[in-house]
Amino acid sequence: MSKPLNITVCGAGAWGTAMALHCERQGMSTTLVARRPEQATQMSRERENTDYLPGHAFGSGLKVSSDLDEALGDADVIFLGAPSYALRDWCARIAQLESGILKSDALLVSLAKGLEVSSGKTPCGIIKEELPASIVGCLSGPTFAGEVAQGKPTAMTLAFGDDCGIQVQALQNAISGPNLRVYASSDLQGVELGGCMKNVYAIAAGCCQGLGLGDNALASLLTRAVAEMVRVGLDLGASLETFYGLSGFGDLVATCHGEWSRNRTFGEEIAKGSSAAEIISNQKTAVEGYRTAKAFHLACSSRSIEAPILEQVYQICYESKPPMQALNDLMTRDLKKE
Ligand SMILES: NC(=O)C1=CN([C@@H]2O[C@H](COP(=O)(O)OP(=O)(O)OC[C@H]3O[C@@H](n4cnc5c(N)ncnc54)[C@H](O)[C@@H]3O)[C@@H](O)[C@H]2O)C=CC1
Ligand SMILES: O=C(CO)COP(=O)(O)O
């Protein structure tokens, strides 16, 4: 039998913590790295992440650290669990470590679902720019941290570009288990874009809910969101079928239904009269769809991609457009073929 993988998870928000819990339960040597030493100390003492994922005790084998040097040297796989807007900082910290500290075949796996506004880059685009020698991929799908931490079942997509080699297969096997079924993909761009776009559509779904528009409206929104995801994604170099998979349609459905999503809740609060900028300025947890809406607005405008839903969410978030007005503008566009 092959040796268990050594896993390091950088970023102790809800999702990084849930992935660390999962990896430890899968029997892997796992270290969770917090950005702030005081958070690492608190988690070591309490054996729980009370700030971001309360109520889920750490398994006895889960190590906690804030020392990147120590945590990365032995890692076969490094999950980057920070939000997209904090990813460049994490990568820069890793790049500053003594050269050669990372194993040459270590896999860097992004868990983030947002585009960088200044560059329009996906999380893996950022990682590749900051750490050009590394092997970079992402893991994405319908995975609310709280449910994964509870051990509820789900499925995900593990995507690496052209180097879907033996280490990637080893990772797919190592993290798959009775509660998580992991599929492999070589469409890294598509898997990342699906995860990023669904967060913007979740804001629209929250607006739908907040305005009390009903189930028909939500179903229509999600269906047209998939059509838009495909149109935007193809223009940005992704493959069609990826958007019908777990990181596209799957995560769209998860995020736009139920009570878990921060993006959906954000949309609901706007529809009830709060200002987007104000909510964000008081928000401790990640609402990736807010910045990502702006990044897609810039990308679609510069490439003349027609993306009416993304555009309306942008105007709601950045131009104080009332959600009811956005709905009206969507409904009264020129009619066309499905
Ligand atoms: N929470 C979830 O259920 C899931 C989240 N994701 C994605 O994972 C990524 C991380 O999200 P969560 O773990 O939910 O985050 P979170 O909302 O639980 O925590 C935010 C994290 O970001 C850090 N942070 C905040 N501002 C920062 C800054 N300026 N610089 C550096 N770090 C900063 C905080 O210390 C904290 O670790 C996001 O891209 C999210 O879309 C993906 C799947 C599931
Ligand atoms: O990506 C997620 C579930 O797959 C989490 O969504 P939110 O960030 O909207 O909570």
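Going from the start of the chain as shown, residues are counted 1 onward.
Just so you know, glycine gets a Cβ as well, placed from its N, Cα and C.
These figures come from a predicted structure and were not determined experimentally.
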### Query
Hey, TrEMBL has substrate bound by ARG262, ASN263. Any idea which of LYS113, LYS121, LYS128, LYS152 it lists too?
LYS113
### Task
From the candidates ALA133, ALA145, give the one listed by TrEMBL for the same NAD(+) site as GLY11, ALA12, GLY13, ALA14, TRP15, GLY16, ARG262.
ALA145
### Query
Out of ALA12, ARG35, TYR52, ASN263, the binding-site residues in the record, which is closest to ASP251 (sn-glycerol 3-phosphate binding site) when you go by Cα distance?
ASN263
## Note on the structure
Running the recorded positions ALA145, LYS198, ASN263 through a 10 angstrom C-alpha radius around ARG35 (NADPH binding site) leaves none
### Query
Listed sn-glycerol 3-phosphate-binding residues LYS113, GLY141, THR143, LYS198, ASP251, SER261, ARG262, ASN263 - what's their greatest C-alpha to C-alpha distance in Å?
16
### Task
Over the span of the domain 'Glycerol-3-phosphate dehydrogenase NAD-dependent C-terminal' (187-327), count residues by DSSP class, listing helix, strand and coil in order.
108 helix, 0 strand, 33 coil
